[in-house]
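Q: As listed in Swiss-Prot for this protein:
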- 34, 162, 166: L-tyrosine binding site (BINDING)
- 39-48: motif ''HIGH' region' (MOTIF)
- 224-228: motif ''KMSKS' region' (MOTIF)
- 227: ATP binding site (BINDING)
- 346-413: domain 'S4 RNA-binding' (DOMAIN)
């Protein structure tokens, strides 16, 4: 068994392989691997990061890697895993998304990046029917789960054709770019096998085209990885701050962290076992979560940004917000639940209720009497205390802390 396949299996990454013998042969012949990325948003997110890391794993073994941006397929929308028709993206938005996704893929994967629109820009509809449609039988498509599951509720010819486009992508890359392996999530099996069938029909049985799918990364509750309560954690720090990403990772459960270390980092499998043993010896230290957060954040945003996120976390949970500089403070408040005020002052009890920090006057008084409430690092005990805009940080916002770890942002009205 090839040592790369051995590593992927040890990490429990592999869901299925179309033909392991061909996969080994492709690796031995230095054939490349590609992964497709959907430009449905203007940034990749942590869920996509699994496939980015897969490309990095192959690069460690000097295997050619290619990232394919779906400029053409993105105009249609992949029906895989969808129970209803997808809305078509506006072309202007799609082009902006493609440019941003391409930039991220070049940055994070260090791979060749191709927009699959180049395969179709000069192809007429009649060309498509003759050169692509003739390669695949309708019955073959109808048997696929991604299409069959939609027949009862309906599927447009547009989405029905998606499978052919992704299959044709594989054929083009196999013929022209020395690519013999396609990888994707477990929901991509049907699309991958269509490409292999097209290659067989076009080039004969003596080919080494193969595919592998990666296990869906879900948490212990069965939910897809990569989303916080506020939504997806994006790789673009303008959409999700580095601090938000760090907090998302550091707060992963003990039940999930070993799987995440295997899926999302290049840390050696044996080293992960040692990390988990150290974690089990003293779970309160969160050794495994810290290793996960450091590995992922450093890989995506760099050491300096990681250290900044770590510093913000340590200050918010153990120190004083007054020690944060302006940049760090602005990063920190982006992740806090916010309440806007259109007045210049408010009673503390009313504010606690308004910001959903307490659910009643009685509970608000209890928080105050037990010294649980701090505003901009100042403990408030007086239930008649007036919170004023003039005392806010830069007269723009106040930060309320309840207990040791719960922070809330108050945004004051502009003059």
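Including glycine, each Cβ sits where the backbone N, Cα and C put it.
How buried are the listed features, and what sits near them?
A: DSSP assigns residue 166 (L-tyrosine binding site) to a helical segment in the three-state reduction.
Mean pLDDT for the motif ''HIGH' region' (39-48) in the predicted structure: 92.
Per DSSP, the domain 'S4 RNA-binding' (346-413) is made up of 19 helix, 24 strand, 25 coil.
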